[in-house]
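**Q** Let me give you the structure first, and then I'll get to my questions.
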Amino acid sequence: MTGQTPLLEAKNLQCERDDRILFENLSFSVHSGDVVQIEGPNGAGKTTLLKLLCGLAPLRQGELFWRGERMSQARPQFLSSLLYLGHKTGVKALLTPLENLRAWCAQREDVNEERMMSALETVGLAGYEYSPCNSLSAGQQRRAALARLHVSSAPLWVLDEAFTAIDKKGVAQLETLLREKANGGGAVILTTHHSLHLSGEVRRIQLGAVS
């Protein structure tokens, strides 16, 4: 990676909660082709770190850079290049999986109906495209959210516990998709309690070492 400008760079990040430092002086970079797993025990700040990176939590110490520019200047470009999938699915309960995906794409992606239907079929929701999400299981609702990955052209994916509530087939499918994203020049940052079985390298950042 020598000489290559990182997609995302973090310098000297710190997170404090209830007068306890979760992490400090945290610096790392994420390049095209990277899959980066954030590790640490519960309460170590993994979700908070993802939110800091995505601008969903206030950054009180440290700096972020997107493609070599300070995040304060590059925010619009960064947001248009980001897909964030949080621990909560963000799926609207009264909408169907197709309506949810259609609404999401309307704000971010130029995707036709055929491709949306294909994405829902790929994640195992064939036959449920028109069912309200509040009638679906937790795993099916998670799959409705994961369908976004199959239509996303964003170069950076940030995923918080994306493997939650999906079956073995869905896990294998998602692992393949993440590797394909990286191999295609994108990058993935994720947290998961699942043991990843991805071909190629997975970089790991360990939290929880600060007392």
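Using the three backbone atoms N, Cα and C, a Cβ is placed for every residue, glycine included.
Features from Swiss-Prot:
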- GLY40, PRO41, ASN42, GLY43, ALA44, GLY45, LYS46, THR47: ATP binding site (BINDING)
- 8-210: domain 'ABC transporter' (DOMAIN)
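Any idea what these are sitting next to in the structure?
**A** Its Cβ taken as reference, THR47 (ATP binding site) is surrounded by 18 other Cβ atoms within 10 Å in the chains shown.
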**Q** Look at the binding-site residues GLY40, PRO41, GLY45 and tell me which residue has the greatest number of other C-beta atoms within 10 angstroms of its C-beta.
**A** GLY45
**Q** Take the mean position of the Cβ atoms of GLY40, PRO41, ASN42, GLY43, ALA44, GLY45, LYS46, THR47, the recorded ATP site. Which other residues of that chain put their Cβ within 8 Å of it?
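**A** The answer, listed by sequence position, is LEU22, THR48, LEU207, GLY208.
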**Q** Enumerate same-chain residues with a sequence separation of six or more from LYS46 (ATP binding site) and a Cβ-Cβ distance below 8 A; give 'none' if the list is empty.
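**A** In sequence order, the residues whose Cβ lies under 8 Å from that of LYS46 (ATP binding site) (at least 6 apart) are ILE38, GLU39, GLY40, ASP160, THR191, LEU207.
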**Q** So how many other Cβ atoms are close to ALA44 (ATP binding site), meaning within 10 Å of its Cβ?
**A** 20
**Q** In the predicted model, what is the mean pLDDT computed over the domain 'ABC transporter' (8-210)?
**A** 95
